[in-house]
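A.B. asks: Please see the structure below; I have some questions.
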Amino acid sequence: MIEAILQYQFLQNAFISGLIIGVIAPLLGVFIVVRRLSLIADALSHVTLAGIAGSLYLSQSIGALALLNPLYLGIVASVTGSLFIERLRRLYKHYEELAIPIIMSAGLGFSAIFISLAQGFSSDLFSYLFGSVSAVSQQDLWIVISIAIVVLLFLMLFYKELFVLSFDEEYAKASGLPAKWIHVLFMIVTALVIAGSMRIVGILLVSSLMTLPVAAAMRIAKGFKQALIFSVLFGESAVIIGLVSAYYLDLAPGGTIVVTSIIILLLTITLKK
Amino acid sequence: MPNQLIHLQHVYYQYEQTEALKDITLTIDEGDFLAIIGPNGSGKSTLLKIMLGLLKPTKGEVLLFGKPAPLFKERELIGYVSQKSNAFNTGFPATVEEVVKSGLTKKVGLFHAYPKNVQSKVKDALTSVGMEMFAQKNIGDLSGGQQQRVFIARALISNPKILILDEPTVGVDSENVRSFYHMLSHLNREHQITIVLVTHDVDAVSKSISHVACLNQTIHFHGFQNEMNSMSDEQLEAWYGHSVRKVNHQNEVQL
């Protein structure tokens, strides 16, 4: 397979972006899980689907947009969705979780409309839903690299604050930390990672790369830093094993990556027992 | 004249239609160990949140270290241990050391790393609450009383002048409650840290505190702990909202 990777550009793109996503998705996922926001990733992935489906429809119906990379509208939809979630969480202060089904159904509703308008379920859309080894373009790879730089910078600059916010939000506010703004930035960065990950893992499975490696890491980690390290190790293992098996077995990489993550999770559960 | 650390002047607070606090005037001086006591729903936690600047009073003025609360920026001078610390997510994967270190976040500031001597600061803070042996333990593996000590260490690491605690002994067994208040007393006397805590457990704190404020929407009594004896039965009833009996027991008051 190494020969094939060296030979084919699309495989290089898939592997490099997979390796990058294997780091940033679980890294951010640790904060998502400990803040009990796991379902937000799902809601945002469905909103991203609306952006992708909208973009595919536009490129089909407007000639000038034929070459528009659907990832751009996917990113816009995901970030907009994250800001709406925040707004709704504040509006329904006592029922914060309501924001998730509202945004998720809005995302699915728009997706269904755009897919119907596009008159069908193209194979391109299928690759967005479940990921694809062959669909990652050079442009997609650059988008993933740019997102990774933003995410890593964000985590490096706000690590201390994110830790306090995740552990004890009231204490963070009492300490005078700008909790609201850091949270909004966190949501935007989460939206970026979801949009960036979907080429490899697929929209329907992207949240699993943010939660399954973390769930496994939390079984064995002692301390927060260890949880971060184990999550990345498990995320990377799942991506590498998943991509290799997807290539050889001609399967959607989203499925093989998630199944590998589940096997890792089951192993940690069994070993910890 | 002692330094006034916190001063509330005719403070009112209203939650939608409910008046939670009414005409509160209260001063906390440097060195005080004040217990704010009152029945459930008397506005204790609301009062603390106003002192911390987490809530803005509907009416009245709050001065923190002589400055109006909205202008007060040196938050690290006020250490806070919230009631919710007792109910934090026990599965959170963080060591005691990581939790205590996080108390420096505001002091260190945005975009800055922890100082090089952070380990010794963590050690000092943990030593002052008798928890130095637990630095590498996961916070969720400790008992309720031990966790509260860790949260106090987190508050102490930024060298606060005042420590504010909201019902710190909820969920802590009686044996540990005593040693917990003994530790607070030690911090107050030996480290000159002013302490304000809210509790409904007046018996447990009576040996440690210097001042008491009896709260039920408004302040019914504020003074030295031993002056609580002077409260009449009518005053006590007005404060507690129902008939209470005062029992004098070796110069202490029990309700």
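Including glycine, each Cβ sits where the backbone N, Cα and C put it.
What TrEMBL says about a protein is an automatic prediction, not a curated fact.
Feature list, courtesy of TrEMBL:
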| type | residues | note |
| --- | --- | --- |
| TRANSMEM | A:14-34 | transmembrane segment |
| TRANSMEM | A:39-58 | transmembrane segment |
| TRANSMEM | A:64-86 | transmembrane segment |
| TRANSMEM | A:98-121 | transmembrane segment |
| TRANSMEM | A:141-159 | transmembrane segment |
| TRANSMEM | A:227-248 | transmembrane segment |
| TRANSMEM | A:254-271 | transmembrane segment |
A.B. asks: Look over the recorded stretches A:14-34, A:39-58, A:64-86, A:98-121, A:227-248 and say which has the most C-beta pairs under 8 A to the transmembrane segment (A:141-159).
C.D. replies: A:14-34
A.B. asks: Based on Cβ pairs under 8 Å, which of the stretches A:14-34, A:39-58, A:254-271 lies most in contact with the transmembrane segment (A:227-248)?
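C.D. replies: So the stretch in question is A:14-34.
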A.B. asks: If we skip the immediate neighbours and take only residues 6+ beyond the ends of the transmembrane segment (A:98-121), which ones have a Cβ under 8 Å from one of its Cβ atoms?
C.D. replies: 39-40, 42-50, 53-54, 56-57, 60-61, 77, 81, 84-86, 88-89, 92
